[in-house]
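Comments concern the structure below.
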Ligand SMILES: Nc1ncnc2c1ncn2[C@@H]1O[C@H](COP(=O)(O)OP(=O)(O)O)[C@@H](O)[C@H]1O
Ligand SMILES: [Mg+2]
């Protein structure tokens, strides 16, 4: 039984002159304690996926269709009251930029206590005790004093640790972390990731880690989704995807990793840019940037199909795969 | 904190200096004080002698210096009409005006916060559209028209509220008698305060609404939703607190400005405050009283602004007063 099951999720934005589709039929499952990465370039729809799971898409965006099944409940179609019992309690979220995630006019203590009190009937004193314990878990020095402080008195790294502590307050079953280190100093990025990994493992918490960095995904997760223009174009075990990427886009992402580049050599970027939502080409959305494009890619959208250990949405990969299969059979 | 205070007081002093200079040059150019003092029947030689004695032939700067020195001691000249120190005349009228401004401030705060918040949270509801429609009309209707309309509706047609004067007041101390301790006093102050509030109210509703809408888009509000907090807590604790910070600054300035608008309101409602007095002083060319009024109003303006800045520093945790001084 999976913990989270997303089915055919479609999210749209009603812009002034047209309605654009930001997520186009996203489906995946996540098991208890499993850690999954979502990768893709900026604008692929990674954050929207994270927010849509918690039904936190705000105007002009909306969930058009699909299901987010969590513990027998469809989070995409349930009451605000039912959603409140899930948000922050059983599914917690860590945002990208810790400098703007905490409320500047409330103390750390207030922001932690209110979270606990929203889900459990606790006195302030008891809530503060739990808060201090969680701050200790994320290695915040002098946690009692932090409760009295305002966010601006703390560094970015410290704030992100506090946000992680807030996410852990109610012992959730799933944490969605949206690029949790992108806004931080490079020197502390690894520390924060390590902390997150340690906490998920020791508490048996599932993790959805959103990032544009395949290197991070390979260290942190067991499974990976690769997104492009609002679709999943490849998914499977992280090791399989890193070692033997099938989709030309995934291959491009891996070639662009600094580890794949010799010193002094230029990073191999994928040419071109991801299309804007209003200008997604017909057929495979990646076709204008792909070196294997054939006519079919410009007319027909490829489905996700199992190819070896992974699922991939690419006509050419599927064709080549079929060819090898026939060869093997004739041989 | 201390450095900041010193800096603010210095700024206030500079502003007061400019106001006094402007006021004084008005005095210098408005009417002939001699005519007010001695009338027509005095010969030219006597007049010239009086001019010398009064120092009216000295240079502008010397005259201003004398004026400023006296003003520092609280001597703003003698009213031609009342034959009393001008400052005293004004101080007697000041409480009535301040109570009017206070009443209007209460009305503005009491209405603009809930209406601004509601129109931000439910921008598409019919009620919000009606409020926003009225606020556009409210901004463009002049205050004396609102006042006359109110008198017509509530005093003439419905006969439930008095249309002029302060009614029964209770003496508190010094020159201060208050409207707020008798039922009749409340009835009398309601219409004038409402009329005065009507100028600023639409502005405040719009200001609070736009600040609130912006705050509701912020990441920390989104994070508050992600934490599973109740909407009421998100709106009134997370969003409203951040909304009101910039509103305090603008609000303070506007409340200072409102003192000037009391001239119109007090005239329509014959409210015995210093605005009404000022208009009479202008009619009588009572120059010392006019100048004293300008200086007192300027002083109130400077003091409210300074207090507002200090309050802002106190309620906003990201502003360290020590740092503001640097
Ligand atoms: N409030 C919004 N209004 C319109 N379009 C939006 C909004 N938020 C996100 N989008 C669009 O949705 C797409 C996916 O965004 P996002 O999920 O944030 O990308 P990323 O993969 O970088 O996290 C982007 O093309 C973005 O332009
Ligand atoms: Mg993002």
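Sequential numbering from 1, following the chain as shown.
Note: Cβ is positioned from N, Cα and C throughout, glycine not excepted.
Matching B:169-188, B:189-208, B:209-228 against TrEMBL, the residues noted as transmembrane segment span B:189-208.
Looking at B:243-264, B:265-286, the range annotated in TrEMBL as transmembrane segment turns out to be B:243-264.
Comparing B:9-26, B:100-118, B:189-208, B:243-264, B:290-315 for CB pairs under 8 angstroms to the transmembrane segment (B:130-154), the maximum falls on B:189-208. Same-chain residues lying 6 or more positions outside the transmembrane segment (B:9-26) and placing a CB less than 8 Å from one of its CB atoms are 60, 63-64, 67-68, 71, 287, 290-291, 294-295, 298-299, 302-303, 305-306.
Residues 97, 100-101, 104-105, 113, 116-117, 143-144, 147, 196, 199-200, 203-204, 207-208, 211-212, 215, 271, 273-276, 278-279, 297, 300-301, 304-305, 307-309, 311-312, 315-316 of the same chain, all 6+ positions outside the transmembrane segment (B:243-264), place their C-beta atoms under 8 angstroms from a C-beta of that stretch.
A Cβ distance under 8 Å defines the sequence-distant neighbours of the transmembrane segment (B:100-118), meaning residues of its chain 6+ beyond its ends; these are 127-128, 131, 179, 189-190, 192-194, 196-197, 200-201, 204-209, 212, 235-236, 240, 243-244, 255, 258-259, 262, 265-266, 271, 273.
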